[in-house]
Amino acid sequence: KFEFNPKDGIDNPALSLAEDTAGEGEGEPRFYLLSKGSAETFGFCLHEELGCRGHIIRQVELGGLAQRRGLQDGDRLLQVNGQFVDHMDHRKVVQKIKASGNQVLLAVLDGDSYEAAKDLGRDLSQMLPTDIRPRLCHVTRDKSGFGFSVSGPEGMKGTFQLSVQQDGPAERAGVPPGSWLLELNGASVRSYSQTQLARKVHAPGMGGWGTGVSNVTEYPAFPIQIKQSGSKVTLLVASSAVEEFYRLRGLQIMATLADTSWLPFKVRELHMVKGPAGYGFLLKEDDCISGAIGQFLWDVDAGLPAEQAGMKEGDRLLAVNGESIEELDHQQTVLRIRAHDDQVTLLVIDPAGDEFYQSVGFGNPVWSLPG
């Protein structure tokens, strides 16, 4: 569990590095793709220290996962899941790491280089690539199809590049032209041959996006239509630049690192100031679609602050005042809401969005927030 202590820092959950980043030059940012384990500790703490700048890596456990992979005492954390965090409030950075779930991508810089760059007034964000996240895109078919076709070398598994119709459904859903297909409806295509993918997704008599668009590679393209998906399909894709970033570092691209800003399913932030009759809603504990226990919002009273803020019956509560409630029980959540007497900010998601995120493997989409 994360435990915040302003003196001692934050103990992070058990995480393990996917690959080493050996060979990166001194003074350059280093990238670590971390996967949480249930029975381990991560082996370091994240500190905010009086008189020191930045989010500081401390208490690197001797022989622990972090040390074995190269994380060093005094390193400064610059980026979490592709987002620059050096300028952010420390607690907010902790929440971003915590809310990222089982995987998180961190970029760090050694302490001496960090201090030297700060003394020179250098913009540290310029040391980092601006776009290192794959995209999760939800495509709705129109009369011409989904607006993309797939090409790939015969005999090579898991290598599928997308041609995208200009102003077609796929492009409108955020699929970059020439991007690489990683997952289809939450399932990895890494083990598929072209024949297997075509057999899985092609429905006779229903084309892809028609004619007039040239292939993005020398490989033959084939139209794609999704069985068992009706008129919608969810794709995890990576641009060539993003794919190269991960490949050069020996890192695996994971869906939990994806940019979700293109998705039609959004979490909503509700800010409420308590009125004479209270906020005007009830919080109930119930089973989530995944089978886990969640906190849901019901009995929203007409005309009171909750309804005025946009709360809908059946919304699932994700965070209170910017802090995830994923590990809290019902009573703890109620106390969190009551911590400020007269106002509160809730992060919620509606049932349709909740079901979507569960279907692609995200139990809590708090991590996807840009801020």
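Every residue, even glycine, has its Cβ placed from backbone N, Cα and C.
As annotated by TrEMBL, compositional bias 'Basic and acidic residues' applies to 1-10.
Annotation source TrEMBL lists domain 'PDZ' at 31-112 (among others).
Taking DSSP states H, G and I as helix and E and B as strand, the domain 'PDZ' (136-201) has 12 helix, 22 strand, 32 coil. Among the features that TrEMBL reports, domain 'PDZ' is placed at 136-201 (among others).
According to TrEMBL, the feature domain 'PDZ' maps to 269-352 (among others).
The region 'Disordered' feature in TrEMBL is assigned to 1-24.
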Check your understanding: With DSSP helix as H/G/I and strand as E/B, how many residues of the domain 'PDZ' (31-112) fall in helix, strand and coil?
Key -> 17 helix, 35 strand, 30 coil
